[in-house]
Every structure is written in C-alpha cells, then in structure tokens.
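According to TrEMBL, the features are:
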| type | residues | note |
| --- | --- | --- |
| REGION | 1-22 | region 'Disordered' |
| DOMAIN | 36-163 | domain 'Casparian strip membrane protein' |
| TRANSMEM | 41-61 | transmembrane segment |
| TRANSMEM | 67-97 | transmembrane segment |
| TRANSMEM | 109-135 | transmembrane segment |
| TRANSMEM | 155-176 | transmembrane segment |
Amino acid sequence: MFVSRPAVHPVEAPPLTDAAENPPRVRMKEIQGMPGTPGGLALRLSQFVFAAAALGVMVSASDFASVTAFCYLVAATILQGLWSISLAFLDIYALLVKRCLRNPRALRLFTLGDGITATLTFAAACASSGITVLIGNDLNICSQNHCTSFEIATGMAFISWFVVCPSFLMNFWSLACR
C-alpha cells in the first residue's frame, strides 16, 4: 500500500502591515439629529416643548375629560413629554462628557421608545382631530365647547409627532447600518 507521508513546510508569519496601508476602521460621522449630538438635543427639546404645549392647552379646557380621545391625547402627550425630556437630559450628559450614544443596545432602546411614542402621539392626534371636526363641523356645537383649544392642542400634538419622526428614522437607520 502506497501511503503518502505528510511533508512539513515552514509557514511564514504574515507580514506586519503598516498603519498607512491599512488604517483603523473609522466610525461614521456624527449626523446631527442622532443621540448625543446638538441636533439630537434640539429635536428632543422641541418634542418636549410641543408635547407640553399640547398637554397644557388641552388641560386648560375644562370639558376635555368628557371625550375619550382627548383623554388619550393627554396621556400620549404626557408619555411623549417624559420620554423626550429624559432623552434630552441624556443628550446633555453625552455632550458634556463627550460620550457617544451609538451603543447597539442604547440605539435599540431609543428606536423602540421613539417608535412607540410616535405611534401613540400620532394615533391620539388623529383621534382628537376627528372629534374636533365632529364637534366643530358636523354637530356645530363649538359655542358650547372649547373648539379652538381642542384644535390648537391637536395641532401641537401633530407637530410633536412630526418632530419625533426624524429621531425615530435616524435611530432606526443607524441601527440598521450596524
């Protein structure tokens, strides 16, 4: 029987590469609007301001509690305001200590939170808008209700949702690029 015997061939160590030939991996630039950037802080503060404005205007109307959609709007704007202000504080901290908030777990949390609050705020604003149109245009009982306050609060909720969308999309995009 003819069995070949293994031959031992010396293996050379791979040559050391120069840093100029293979530079270290570079992270993507900080895009304004992402967590931990001044743009992200501005988005979070504007989300909070519009959610607080919607909440304040809706609560100032004495008869908002009689309609479930308006109560839902109040609950959604409270949640949106708390979420936005807590992430604004986190952005302030990250900017002060020059820390990057692009950890995959943190991005998942930011994306999930932004998605949930955006969906709730949009649904509440749509429901409140429908009730406002019903009260104002269909039933013509604006003289008995605070239609202007309801319309302003609904508009502020829509603007708050509109400002949440870039935060959600940037976080989702950054998470998907990993």
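Cβ coordinates are placed from backbone N, Cα and C, and glycine is handled just like the others.
When the domain 'Casparian strip membrane protein' (36-163) is classified with DSSP, helix, strand and coil residues number 107 helix, 0 strand, 21 coil. If one looks beyond the transmembrane segment (155-176) by at least 6 residues along the same chain, the residues whose Cβ comes under 8 Å of a Cβ in the stretch are 31, 33-35, 40, 43-44, 46-47, 50-51, 53-54, 57, 73, 76-77, 80, 84, 102, 104, 107-108, 110-111, 114-115, 117-118, 121-122, 124-125, 128-129.
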